[in-house]
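Structure, as structure tokens:
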Amino acid sequence: MTHKAGFVSIIGKPNAGKSTLMNQLVGEKMAIITPKAQTTRHRILGIVNDENYQIVFSDTPGIIKPNYKLQENMMHFVDDALVDADILVFVTDINERQDEEDVLEKLKKTSAKVLVVINKIDESQNELIEEKINYWKEKLNPEGIVGCSALHAYNVEPVMSFIIENLPVHPPYYEKDELTDRSERFFVSEMIREKIFKFYKKEIPYSTEVIITSFKDSKDIIKISAEIVVERDSQKNIIIGAGGVMLKKVGTYARQDMEEFLHKKVFLEMFVKVIPDWRNRENYLKSFGYSE
Ligand SMILES: Nc1nc2c(ncn2[C@@H]2O[C@H](COP(=O)(O)OP(=O)(O)OP(=O)(O)O)[C@@H](O)[C@H]2O)c(=O)[nH]1
């Protein structure tokens, strides 16, 4: 049988459920998921291997108008994902009220096959699903449309079937035992970042970056040191919390995730560091992996 392989990019507005859908499709907790918008800052590759095909997924940051340099660079990742893609999965929240013109503009320029996924149908009535399907048919005339609930794994199979059907005939791009191009360090830093998104309010998560400064794997334990970078002293105090309670909470939950992911005992230490205005400083964005 001929082998199929291709790049599939998942795009859409912040909070539409892109990461949730990708995790369902890839079957592993690759991208971190939180209820706040813009948690996904990088492109993440998740690879699904089968004897007859290889699907290389990219999850992308939600499409927005950039307000600061970090967001500008995040949008470059989106553009890269569009250029590479054989198939674009455009995820839209069934209850989305914002206009999605910026997404549409990007979609109109692509030569990839487009699948529109109307997500979160668990929060909606059948009539609205019909209405939305007709709306997107008219607006985009995509190769496929599916309504699903990524969160409840409802009707996700048709998304997978569409992808497999539309993959180009191609030899595999990666070794068949590779699941991702991201390192363990990356996933570990995302686990800390996820907790920060969960436990802190307002601008704190958006002003924070997590850097793994050391990752030492020994026989019985992995020792991990991380730096939590914020923009101001006041944010540092909030991250640490009274008597260090908040930081301890982040550490406890992140460590539990790490131990589950790495199948080993983890010793985690974290330091909080202030780098004023890092999100607008090119050298920091570069060293944190947000630009070339
Ligand atoms: N009710 C419902 N909620 C969902 C569904 N899919 C995702 N969510 C929730 O929507 C929120 C956002 O999901 P994510 O997967 O992080 O969204 P995203 O599009 O990757 O967001 P960004 O990273 O900000 O671009 C989370 O709270 C999810 O649990 C769904 O099918 N139904």
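Glycine is no exception: its Cβ is also placed from the backbone N, Cα and C atoms.
The structure displayed is predicted, hence computed values, not measured ones.
Taken from TrEMBL, the feature domain 'Era-type G' covers 4-169. Annotated region 'G1' per TrEMBL: 12-19, in sequence order. TrEMBL lists 12-19, 59-63, 119-122 with the feature GTP binding site. Taken from TrEMBL, the feature region 'G2' applies to 38-42. Positions annotated as region 'G3' by TrEMBL: 59-62. As annotated by TrEMBL, region 'G4' applies to 119-122. Annotation comment: TrEMBL describes 200-276 as domain 'KH type-2'.
Positions of the features from TrEMBL, shown on the structure.
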residue : record           : Cβ neighbours (10 Å)
Gly12   : GTP binding site : 25
Asn15   : GTP binding site : 19
Lys18   : GTP binding site : 27
Thr60   : GTP binding site : 27
Ile121  : GTP binding site : 23
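When the binding-site residues Asn15, Lys18, Ile121 are checked against ligand 1, Asn15, Lys18 have a Cβ within less than 6 Å of one of its atoms.
With helix defined as DSSP H, G or I and strand as E or B, the region 'G1' (12-19) counts 2 helix, 1 strand, 5 coil. Counting same-chain residues at least six beyond the ends of the region 'G4' (119-122), those with a Cβ under 8 angstroms from any Cβ of the stretch are 16-17, 20-21, 91-95, 129, 147-152, 154-155.
Residue counts for the region 'G4' (119-122) by DSSP state, with H, G and I taken as helix and E and B as strand, are 2 helix, 1 strand, 1 coil. Across all of the region 'G2' (38-42), the predicted model scores a mean pLDDT of 51.
Following the DSSP three-state reduction, the secondary structure of Thr60 (GTP binding site) is coil.
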